[in-house]
Structures are given as C-alpha cells and as structure tokens.
C-alpha cells in the first residue's frame, strides 16, 4: 500500500485498425554490405559504412554528405571497379558487387544548379546563414525545453515547491544560448552576378563575395572546376584568377576558405564542438512534419530572436529554385498519384512508398501554407476577379486555392457560409480517411485546409480535367450529384471502386432521385462525387458526407424552439459508425447465442433417453454464431431531402432512417455516458486541455458540438475537471468565431490592434473595465474603407456574443458570472492555440495591483516572493499598472492552423501491433525483434522528427519498461520528449505525459534526483495547461513524494503527500478508499518526519475509512489496524521518554523543553522504536492517545520546532 504507482501514463493514441495475428511476420535480418568509401583527397581517406543492400545509391550519397569527413563534397558520383554507379538503383543491384566493396568518390564538374546547392549547403555548415523569418511557421517553431529544464534544475538549488502558484509564462521559453563561433563575417552572391554570356561560355557559374573574420574581402568565381579568388572589386569587374600570393583556388568552398582566412579552420572546429554540445534531435531541421508553434515566444530583443544582417537571405529563393523558380515548381497531383501507384508487394516496396508519401505530404503542406498566406494577404491575383471575394479562386505553385465560404450558393439550403466552412473541414478528414484505406485504383486530390486571421482557405492539387469544358449533354461530374442534387450521374466505371470504399466506410448502397424523380442506385452519398480525370484515373471528390446526419441533434434544436443551429452539416463521425457497428454485432452475437442455446437445450431434452441408452457420448463442441450473416451499413443520405417515388421505396427509406436515428441515439445514450462513467471510475484519464479533450472525444466518435451535453452530464465531483475543461473549450471556440468576424476583412497591419483589444475585453477587464483599441491613426486614415467595428467592442458586448455563440453552437447556457470563474492564463492559452496567436512571454497583469490575498487568488496564484514584496510596499508606492493587459506590441505573430490529409504508416503500425501481440503471448525475443523493427520503420518512413515517431518512442519506452530494460526505456523516453516538444508542443498534454514517464523510469533506474527534476517540470506544465488540482496529478504528487523519501528528504516528502491527499479529498471525498490509501502513506511519511502524534492520527483516519468502506475483514483494513497499533505503541514510548527527560531537566534546574534525541525517534517500522525487552502496552488505543496528548500538552514542543514545517500545512496533518 505504501508503494508508489508504477504504471506509466499513456498518451491518448490515434485511432488504429489493429492488424490480424499473421499480418506481420518476424523480421528477417536485413542483408547488409560493409562498404568502404575512398575520398578524393591527397591522403585518400577511407570511410567504412554499413548499408542495407535494399538502400538506394542516392540515399547512400546523402549518408556520405552528412559525414564530418565528407561534408565538403556536394557534386560527385560513386564509382565501383572504375565504373560509374547509377544513383537510382539499390546497392544490391550494382553489377558484380563483391564482399566488402570499395567505392571511390569522384567529383563531377559543377553546373550552375550544383554551384547554387553547394553555396547553400556550405553557408549552413559554417554557420553563415542568418535567421530566416518564416511567414508560415512563426517564431521559434519546433523549439524544445528539455535541455532548458535539465539545466535549470542543475543551476537552481532545490527550493520548496509551491503547489498553487502558476509559473511565469517565461517558463515556456528556452534558455538563451551562447552565440555560435563565427567562421566568416559574410558570404553571399556578388553584385556582379550573374556572369555575362561570354564568360558563361568559359565555365563561369556564379560570383561570390566573402568577408573573412580578419576583415578581408574576397571576390570569388564559381567555375565548373571549382572556386578561385578573382581580381574583381566592388567598383571593378575582372573575374579572372588573381595572381600570387593571393591567387587561391580549391575544388570546394570549405578548402578555399581555409586558404584565404587563417582563423577559419580553428573557428570552424569550434563551431562543430559548439553544435555537438546539444542533442541532435533538438537541432535537426524538421522536414517531414509541421513544427509545433509555441504560443508564447521571447521578445524580439532576445538573443533567441535576434534579427541579424545577412546579404544572402533575399538571394536564397534564387539559390534554391533558380532564376525562373523552375527548380521549385512541381506537378503535385502527378507526384501524389504516381506515388500511390508504386508497387507494395514486399516490405521494402511498402517502406519506400510510404516514406515517399510522407515526405511528399510534408512538402505539399508547406507549399500550400505559403500559398494560402499569400492568398489571404492579396498577393496572388484571382482567376475570376469579377466575382465576389468569397467566390474567387487562385492558382499558385500548381496548387488550387479557394475560400471555405459559400461564394456560389452551393450550400444555401444547408446553412450558407457556416455549412461551407464545416464542409471543407469534413472534406479534408474524408480525404485522409480514404488515403488511409489505400484502395487500389481510387485517387484523391491532395487537400489542405488552413485557418488564418479569420479566413478559411482550401488548397488542393489540380485534378487533370477538372476545368475541362465538357461537350453539350455531358456532365462535369461522372458519379454523384452534378448541379446541387437536381442532376445525378451514375457512371458504371465508378460502381465497383466506390463499392469497395462504401464497404470500408459501412455505407449502404441506396437509391437517390433527381429533379425528374428518376431513380439512381449509388454506392456512396449523393454528395460524394466521382470524376474521371484526363489522366485516366478515377478521383473521389467532396468527401464531406462519408457518414449520415446526426438527426437527433437537428430535431432537438427544432423541438426546443431555441435559435437554429448555424448549419445542417451535422454528420456523425466515422468512429461513431464503427462503435455502433460493434454494438450491433454484439447484439447479433447475443441473439444468436441465445437462439443456439435454446436449440441445444431442445436437442438435449429430446436426446436424453438415447444418450442414456447408449451409455453417454462425448460432449459436442458448443456451436458458434455465423458472423457472415451479420450485415451492417448506414444510408448517408437519410434525412437529407430525398423523396422516394413508390410505397416500397418509402418503406425502405423509412427503415434506413430508423437505423440512422438509432446510431444518433447510440451516441447520446451509450457512448457519452459510458465515457464519463469510465472517467468517474478512474478507468480513463481525464483530459488536460481543449486539445486532449478533442482527441478523446473524437476517438470515441463524439462531435465537438456535444461539449455542452458533456459538461451538463458532469455532475459528479470527480468530473468537475472535465466540466471545467469543456466550458473553457466552449468559450475559446466561441471567441474564435467572434474574433474571426472582426479579423476576416482587416488588412494585415491592423490585425495586432484588433487581437489585443479583443483579448483585453475577454481577459483584461479587471485591470481596465473600459479598454480602448490602440490603432495607429495613420493606418486608420490609410485604410479608410475598412470595417473598424471591433473598436466598439466592450467586455460586456464580447461576453454577450460569446454566450450567444456557446448557446447556438453547443446548446449550453453559461453561468451569469462565468468570466469570473475562468482562469485567465489557461483561457489565454486555449485562445492562442485555437487561433494561431504568438504572444510575448511575460507576466501579463490580469488584475489591479494593490495586492491583497484575494487579488493574488484571482491572478491564478502568484509566487510567495511576489506576495511578500507587495505586502512590504505602502499604498503610496504601489507601482502604476499599464492601462491595458495587452498591447499590439505583445502580438508577435499569427500563424496559419493546418488540417492536412496525410495518412499514417500502416506498415509501421502493423509491426508495432505484432510486437505487442508477441509480448502478450510471452514470446519475449520475437516481441523485442518486432518492436525494434517497428521503431526502425517509423524512423525510416517518417524521419526522426514527427509526431507519430514521438508516439512510437513513448509506446516502446513503456513496453521496454515492462520488460525490465530500464536503460532502453529511459533513452526512448528522452527521445519521445524532445520529438513531441518539437512537433506537438512544449506544453502539450502528450509532452507532459512523456515527462511523467521519464520521471518514473529514472526513479526505477535509481536516479531519483533527476526523476524529481522532470516530475516538477511536468507539474509546472500542468499548472500552465490546466491549473492546480487536476485529478491525475494525485498519482504524480504521490510518486514524487516517494522519490523524495528515496533521497531521504523526509520533510519535503511529507508536504507532497499532504498535497496529494488534499487534491484527492477535493476530487473523491474524504471517505473514499483513495483518500484512505493516501492517509496510510501520509502516516508513514509523518513517522519518517518524526511527527508521531500526527502519524497516529492519520493512520487512525485511514483505518476508520477502510473499516467503513471495505469492512473489517479486508486486507487493507487489517494492515492499517496493524500499523495503527504499532505507531501508537511507538508514540507512547517516545512520549514517555520525552516526559522522563523533561522531569530530569526540571530536577536539574533546566527550564526549557527538549525534543527527543533518542535514536528510536527516527524509527518507522512497526515496533522498531521500542527496546527489544519491552512488551506491548495493554491499554486501548484511545487510552494511549490520551496519554500521548497529555504529555504533548504539558511539553508544548510544537511552538519551538521549526523543523516540523509550516503550521498551516501541519494543521492539515493533525486530527481535528
């Protein structure tokens, strides 16, 4: 009972369709080759590399470039036995490849493109590339706090942890690091670039200018043969080689810089040492996923955000993409579809294909985000400039852009702009679902939805033929609705492929009717469209209706008479359809088993006489239900306005509608109550913030519109946390919709003033009840036609709008004083994450500053030092508060929020699931091999920096912990933290759980000191994310207390146990078994802290709860009783010793009371404090307690024992 909880916390997992038992076999040992690479230097340096035979040669080239000995080479090919090796074959396909082959690296002549690539790479290597302000990723994207948390713990001495105070927002920003050593001052393209025609004929490619650390400036010519110093100056053009002694030349820039700058070699070595001090995972560039964008960032004056001069910064577009940007122009659709057509027969085929898909989606998402921001800012001209703004379309970088609004009236009957906005989000989720299913022959356009400054922008790859003008009589669409639902196409070429899709999505083949009443039997929703592209591929479009309507939600709104829901796009989630299918299957199995049981009982009764006559037979195996008879599919077009033409069709349609209604009721009557019951029973971890709440609800198939219902059902005190998070999330989402109305039509330079004003109205009303928007007058006069209505927003009007949005969207009425109950810092975080705001990291004043205890409570808790400082100041010296909480300068940036359609790797998940299954079967060796194979697959397919890789690291760390491989568990947990910080967020719920796991693993490995560091960091994150007193923090506080006992910090341990008990009693009540268990542990901690009186009281409380809740015969009750008896005897013994010692001192004339110095005072084991010859006292516990109390009252030592800690805290530790 006294032991800590040793079960690591699991992060919420994505939905996954687990593989069957035989889907992934045990991994075979990959065939590898031990290759030696010979570099073309005078020393003929040899580098040994081990490569799999299946690896492509171009991948081997990249591995060579990344080696420290070879990173100066960028333009080369490999030769084997004097023959050039093709870059696009695998190593195993190299002709006449023998054992231990030797490859020679041979430099190629530079081309203009290779010279540009070489310059970009060398600038990165030598640290000459300055900072790059990124419009899509904001400030400090992909930052990590892991190193900062570790260093802070090393530099800051241990102090008493404040359980209630909220950390400063600066806690979420990394430490400022020492600047890296400079190797050169500048290296950039020369103003003489590009070479004139006659010099291009002589092999001149680029002209560069380099300023060394010594202050010397050199003009350099990039030639097909390498690089040399030329005779040009800033005023004179002469790119011919310079004569000696400064006529340097070299085959690459690194060697040339070593020649022209005496300090370069040493400074370059120092730079490498500086870079090697950091964790590579914390410094690698994120290329395969969207980096996490922090919501608080250092001010622009911080060294982390310093804007430095870099002449080549504006040249990088040319260096990377060429003069006409042709190097960066890609046919996205052809790349996506040809990648999907790659073979997937073997494991290596699937690895190559899925890795290519992952990289392609990452590149596309980045390009789409950049294009979307340009569209939002008006930097791209529309293809149809005469249309209204919402109907305009754009093409940029071979990507088709449109607004998520009903510009052409498609969704008029469904809710207009609101319906169009929701449809785009449902469409990208539908495309992701179809991509995950990976049906051969069915293709989808790459789709991304971006929310930026109140605008929703859709980016899609261009489907060949989508803009083609059809012949008269031909439909623009080949399958599904053409014009609204009036014209319907049903090309038979799509029937089979859509049938496979519908079967996977549990969609029923059903009839629909056009405007003339003609019937068409479709495999998918009438809204889902099929298009035969001019490339001969079948494309599925408009996948926002892959599941039926949530009819109960719509009907409830109509019956209640409340304001109508903003739209009719209230579809059920695919996860809910799967859940309902499982429920129906269970019903089917139960019915079949009952029927089989009845039949068997009849057969048994009829055959009893025969069995007796024949002397008995062996029992027949029990019959199993035939699952092939189970049929389940839903009609996605039920309740969507279809009109059956005959009675038979109407009866069939009514039956379909009843099934859909049953699914909707299943969500309300079973799924939501079951989830809340599991959380109330602690079988399911409570969410920490809006994001983790959304993932949890979506995993169960619950739409976010049910937040109000979930909050209403959280009546149990144990669910107060869930209710608070639901309300906070509803407020944040409602604020998002309100703010979007004001931001949508504002020009970029005025958005910061709007955001600051709206935040002041939402959160800064205590400091300034009448905030005024801070708008630059010159901007206001410049944009005379802009809608400045946000200026008139007041705290009261904003609250009214939020209340209206919450009531309309979630059908939840906020309490009249809801804004007083919300925690400002946590609500600010939710709003920033929902809208992509990046604020300066500083302590924002949410209340006026004459500091009383009440004010400090309202500010979400402040540090004790701050409270003391404020108490010491007189009212006259009270510092002046700023007029408003937020100013436009506090809004550092706004980044787009991206919803993408990239599927997860099925292969990596299959290997992970197979490894789990093998471990479950106790096949340890096979399980470990499969887990390693899964980890390798995750890293190969996604790269090292990806959210799925972080989740794989976390899952594998827990599995290795369970296998008792603590070193591997700790290492994987460290990686999980860094990767999740950089790809999910430094203060995300997943990152917090990863820190808790690492803390537990380190403690079990014997490193309790560092375990405490990460546990405290996790608790600080918890206070920023949720605030104090989260139910799941009980276990963390308890574990930290046990860790403190391991490092013999008994007094601190006692405080942590007390805090754990306080939170537990507030959640579960004082009479709960959970509280009794913590009372038991606290009593032991008090005994270790030499507070025997409080230990006895706490153990007696624990015993009484166990006795009343579990009964006298329960083992917990008996153990508590035993401990109570022994602690009581020990307390009596100590009290008697103290009394005797006091009497001796009085007789000796010493008047001060003395604390017990007996060695027995430190004993904690039952009976350990008494001499071996003594017998147990025969008095009852109550009599013994009176004896203890009497002695304690006479001596009154508590007033003179500072070692016992804060009296307030001890008050909670004593009996009342």
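Each Cβ is built from the backbone N, Cα and C atoms, and glycine gets one as well.
TrEMBL entries are annotated by machine, without manual review.
Here the structure is a predicted model, which means the values were calculated and not measured.
Feature annotations, reproduced from TrEMBL:
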type	residues	note
REGION	1-25	region 'Disordered'
REGION	596-624	region 'Disordered'
COMPBIAS	596-623	compositional bias 'Basic and acidic residues'
REGION	641-662	region 'Disordered'
REGION	852-888	region 'Disordered'
COMPBIAS	875-888	compositional bias 'Low complexity'
REPEAT	950-983	repeat 'TPR'
REGION	1154-1216	region 'Disordered'
COMPBIAS	1154-1169	compositional bias 'Low complexity'
COMPBIAS	1197-1216	compositional bias 'Basic residues'
PLDDT averaged over every residue in the repeat 'TPR' (950-983): 94
Chain residues outside the repeat 'TPR' (950-983) and at least six past its termini with a C-beta under 8 angstroms from it: 8, 10-11, 13-14, 142-146, 279, 281-282, 286, 289-292, 908, 912, 915-916, 919, 924, 928, 931, 934-935, 938, 944, 990-991, 993-995, 997-998, 1000-1002, 1004-1005
Same-chain residue ranges lying at least 6 outside the region 'Disordered' (641-662) that approach it to Cβ under 8 Å: 413, 485, 508, 510-513, 517, 519, 526, 548-549, 551-552, 580, 634-635
Residues in the region 'Disordered' (641-662) grouped by DSSP into helix, strand and remaining coil: 16 helix, 0 strand, 6 coil
Counts by DSSP class (helix H/G/I, strand E/B, coil) across the repeat 'TPR' (950-983): 31 helix, 0 strand, 3 coil
